[in-house]
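Undergrad: Pasting in a structure now, in structure tokens, and then I'll have a few things to ask.
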């Protein structure tokens, strides 16, 4: 099922910066928030408990990639935090992804990273030594993710349709690199607007700097949310 709230990437260096940002929003507004490596390493597990205590949904974006037993044990810990979604690298393999699923349980969604949206085809071929097209690599990882019993993948919006065709229509496609029309692209190589992401079939969209660094973050959030949901029935 599609998530009507854009997922806000909390790319902040400290707990206090997050508190200041969230204080801009009405207390009763439930947000979907992404906690990445920088914030999690700075604030620790307490940041997840804090956000959940405020009534928000949390996507813990740590991209685990290790041997199966280590990932399984880590996921058991994350399940106790009450995260709504977390992820692993599909490149870790089917056995690792199955172990992650077992450790996390079924209460939270578990998705896998295919290729980072900062990765170009030339970079993939040169540094990862994968001699296929970028799209073929993404489809391969998506199929293996589905085989492992995960809920979906992180992918570029341009890849959503082929992934759903290769897996199934309910396979979650979470797409970062979302920018409203006219916004700076930054370090993302493959970007798309919220409206285009909806039309192409994305289930979740992740938006960071266009919201967190906006002059009015609350207004920016609602503008993006309106663009994302404008054609919903």
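Quick reminder: no glycine exception, Cβ is built from N, Cα and C everywhere.
Pasting the feature list from Swiss-Prot:
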ACT_SITE  63  active site, proton donor
BINDING   11, 34, 61-70, 117, 179, 188, 208-209  substrate binding site
Undergrad: Same-chain residues six or more away whose CB lies under 8 A from the CB of residue 11 (substrate binding site)?
TA: 36, 38, 39, 208, 209, 212
Undergrad: Where does residue 11 (substrate binding site) sit by DSSP, helix, strand or coil?
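TA: Looking at the DSSP assignment, residue 11 (substrate binding site) belongs to neither helix nor strand, so coil.
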Undergrad: Once near-sequence residues are set aside, which residues in the chain of residue 62 (substrate binding site), 6 or more away, have Cβ atoms under 8 Å from its Cβ?
TA: 36, 37, 40, 78, 86, 87
Undergrad: Tally every other Cβ atom lying within 10 Å of the Cβ atom of residue 208 (substrate binding site).
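TA: Counting Cβ neighbours of residue 208 (substrate binding site) within 10 Å gives 20.
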Undergrad: How would DSSP class the residue listed as 'active site, proton donor' in three states?
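TA: Where the residue listed as 'active site, proton donor' sits, the three-state DSSP reduction gives strand.
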Undergrad: According to DSSP, which of helix, strand or coil covers residue 208 (substrate binding site)?
TA: coil
